[in-house]
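What TrEMBL annotates here:
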- A:24-133: domain 'PurM-like N-terminal' (DOMAIN)
- A:D26, A:D71, A:D209: Mg(2+) 3 binding site (BINDING)
- A:D26, A:T41, A:D71: Mg(2+) 4 binding site (BINDING)
- A:T42, A:D43, A:D118: Mg(2+) 1 binding site (BINDING)
- A:D43, A:D71: Mg(2+) 2 binding site (BINDING)
- A:H50, A:D257, A:F315: substrate binding site (BINDING)
- A:G117, A:D118, A:R142, A:S211: ATP binding site (BINDING)
- A:147-298: domain 'PurM-like C-terminal' (DOMAIN)
- A:D212: Mg(2+) 5 binding site (BINDING)
Number of protein chains: 2
Amino acid sequence: MPSEFELIRRYFSRPTPQAVLGPGDDCALLAPSAGCELAITTDMLVEGSHFLPGTDPRQLGWKALAVNLSDLAAMGAKPRWALLAGSLPEARAEWLAAFSEGVFACASRYGVDLVGGDTTRGPLNLCFTVLGELPVGEALRRDRALPGDDLWVSGWPGLAAMGLACLQGRVQLKEALAKRCLAALQQPLPRVELGLELRSRRLAHAAIDVSDGLLADLRHILDRSAVAAEVGAAQLPSRPAGVDPAFARQCQLAGGDDYELVFSALPERRLELAALAAELDLPLWRFGRIVDAANTRLTLLDDDGQAMAIDGKGFDHFG
Amino acid sequence: MPSEFELIRRYFSRPTPQAVLGPGDDCALLAPSAGCELAITTDMLVEGSHFLPGTDPRQLGWKALAVNLSDLAAMGAKPRWALLAGSLPEARAEWLAAFSEGVFACASRYGVDLVGGDTTRGPLNLCFTVLGELPVGEALRRDRALPGDDLWVSGWPGLAAMGLACLQGRVQLKEALAKRCLAALQQPLPRVELGLELRSRRLAHAAIDVSDGLLADLRHILDRSAVAAEVGAAQLPSRPAGVDPAFARQCQLAGGDDYELVFSALPERRLELAALAAELDLPLWRFGRIVDAANTRLTLLDDDGQAMAIDGKGFDHFG
């Protein structure tokens, strides 16, 4: 079997024009841009918890990096560098080749250099750390939502959860819908361009990406900003025909793995946001508003404007 | 069981005065120092591969961070920030409390802020990413060794391997020696101050930390610098009395987990290096020299100056 060093060289060494020094030394060396802050985040994906055993390695490589880039998107940071630590039960060339293809497809799509990492033997576990940059003081933070703000979400929340249910045989979807849902689950597109535009045009107050579920992640904005929200289920994208409406709503509100952005913005910016949606060819849904903190942090209104009970708190690994 | 968010809050939220924004948002925000490069590295520790099941969680917390700081030391970088992604089979408060105590003891000893991370459920796996800073262009790289350089190693290479052998019942050690060896294994002291001084006084050409074994890690310097080396086993610290000399030599030359620094330096700097050793109260052993690249990359001379066969290539996870 080739050695650890040989494997790294073969599958994970690509040019790193954005680094002073890439893989192969004790550390990578990076030259941060003047006038910028660094945004940094790390996410660990474990087989059996975050992805099913037997997941296609190319899709896994894409997704493991993409979910991290989604955190940069939620801050409005420009992705620049990534590191990958991985534990593998065995070093199979075929698997590694496909996995690294997925990683580099995503890295190249979003302009990231893979500058370092670590490989070791153990149960399958993939841990990316990604770094991005943004001008000092301009980050889209969770704690900046203000009463009166509109609440927005991008894209198609719920598709990934429907894709998972479809894979697990819990739901039957028509072919075209199944394909979209599986793509959302397996090859999510982090909303990097949206985050950059929201930040540079100063369109958003607070933002977060949807990894645990729309309502669960919205709650983080509410908690950190000490505000409440009213959400109208009817204002979310229309639920697909031929799917049980309660199930579809559950996926939209509580499904994880979407990697859409939820953000708050002044009502005065609605036209600009509509224009941005058109520019990016990405729908933006105004699905609620921020209100003063109250006993009820989150009020969900059904299609008739009646308050609904909230089920589905989102995914919490130790909950 | 408390939730993931509650666990993080309870055990891993400490003030982060060196960060613009610490844990709790999509990313941490850092303000790099002007005129500096960032050194960044990530290392994954897997139960069963890197530490024994049942390892004391406080020691594990210390060590998981320390081995990463050792990589910063080997570049001559000043440690500043860390992120921790961890997968745990269960969230036991007692284990987490002890583990976080070990992490923060090490972080505080070396001046690092824990600015972010991720926790999830799965087989025990700990992945730190650490960032340090150093003036532009001054890093101690592996690829800068020059023929004529002396080769040096710090401290007490081999103790950690003897500690492991002792734990596994493969060797009997006297009590005082066993204690030192176990401390080297369980609570390694990354040579951060040494790295900083070597770098700022421009004493070293090339450097690496010893994680896989003295000769194995030296080989990385030789490969990257395209040079060869002659190493004198007799110039390493004297081997402890009461231990089989062949076994002790094997530990010194091929034992992993030492986290000493190996570096190359001009012979003209010997006096300054001796002075630095005294200042830091840390022995520095001149154990060989760099020569022009030859057919034999690494020549090992025994106590009589005769070339020895080299056994023990060092630990390679997929070798």
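All residue numbers here begin at 1 and follow the chain in the order shown.
Including glycine, each Cβ sits where the backbone N, Cα and C put it.
Among the binding-site residues A:D209, A:S211, A:D212, A:D257, the ones with a Cβ under 8 Å from a Cβ of chain B are A:D209. Across the structure, A:S211 (ATP binding site) and A:D257 (substrate binding site) place their CA atoms 5 angstrom apart. The local packing around A:D43 (Mg(2+) 1 binding site), expressed as other Cβ atoms within 10 Å of its Cβ over all shown chains, amounts to 22. When secondary structure is read from DSSP and collapsed to three states, A:D71 (Mg(2+) 3 binding site) falls in the helix class. In the structure shown, the C-beta of A:T41 has more C-beta neighbours within 10 angstroms than that of any other entry among the binding-site residues A:T41, A:T42, A:S211. A:S211 (ATP binding site) carries neither a helix nor a strand DSSP state and counts as coil.
The C-beta environment of A:D209 (Mg(2+) 3 binding site), restricted to residues of the same chain at least 6 apart in sequence and closer than 8 Å, consists of A:S70, A:D71, A:A73, A:A74, A:P190, A:R191, A:D217, A:Y259, A:E260, A:L261, A:V262. If you compare every pair of Cα atoms in A:G117, A:D118, A:R142, A:S211, the residues listed for ATP, the longest distance is 31 angstrom. The DSSP secondary structure for A:R142 (ATP binding site) is helix. The 10 Å shell around the Cβ of A:D118 (Mg(2+) 1 binding site) contains 22 further Cβ atoms across the protein chains shown. Counting residue by residue with DSSP, the domain 'PurM-like N-terminal' (A:24-133) contains 36 helix, 46 strand, 28 coil. Here the Cβ of the residue listed as 'Mg(2+) 5 binding site' has 23 other Cβ atoms within 10 Å, regardless of which shown protein chain they belong to.
Note: the Cα of A:R142 (ATP binding site) and the Cα of A:D26 (Mg(2+) 3 binding site) are spaced 34 Å from each other.
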